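Presented below is the structure to which this report refers.
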Amino acid sequence: MVEHSKLCRCSCDTHRHNEQHGHKHSKDCQVTTAIEVLKKAGLKYTKKREKMIEVFINENRYLSARQVQEILTKEYPSLSYDTIYRNLYTYVSLNILEETELNGEKLFRFRCQTHSHHHHFICERCGRTKEIPICPMDYFEDQLKDCQITSHRFEIFGICDYCLAHDSESL
């Protein structure tokens, strides 16, 4: 068994293992870890920031800033779109969230907690993701031998099985 301290940046004891997606932390552990990252970066803890992190953990999918605002304004009616957007980009810069773009709109999700290299299928309707455990970089590295690749990201967009099933039910 691998020591928890080698896998988790937070000090909580609660976590679970999931063979399909590697090491996953409990929701409490994920929130604690994200709050610790914010504090180490010199940012003030607020309940609103914690709630924003919880939204992404609970939803477990890509969300737009507007979707986050719709969820959070139920509890915080005066929370502005600009504040949400600024915080989203702060979380991205601190590697708490990851971002992508779909149809010209920025979408955000809680950063994967796996320790294995992988990519994602992203549903264009609901924002759910599925892990793609293979990487096409071997092919591209051969094609770009005279270039220096500094990073890469591979995403496939489409309609997930859940949304397709609900489409067929409505027919």
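Cβ atoms here come from the backbone N, Cα and C positions, even for glycine.
In the three-state DSSP reading, His117 (Fe cation binding site) counts as coil. Look at TrEMBL and you will find His117, His152 tagged as Fe cation binding site.
For Cys123, Cys126, Cys160, Cys163, the entry in TrEMBL reads Zn(2+) binding site. A coil conformation is recorded for Cys160 (Zn(2+) binding site) in the three-state DSSP classification, outside any helix or strand.
The DSSP secondary structure for Cys126 (Zn(2+) binding site) is coil. With respect to their backbone Cα atoms, Cys126 (Zn(2+) binding site) and His117 (Fe cation binding site) stand 24 Å from each other. When the binding-site residues Cys123, Cys126 are compared by the number of other CB atoms within 10 angstroms of each CB, Cys126 has the fewest.
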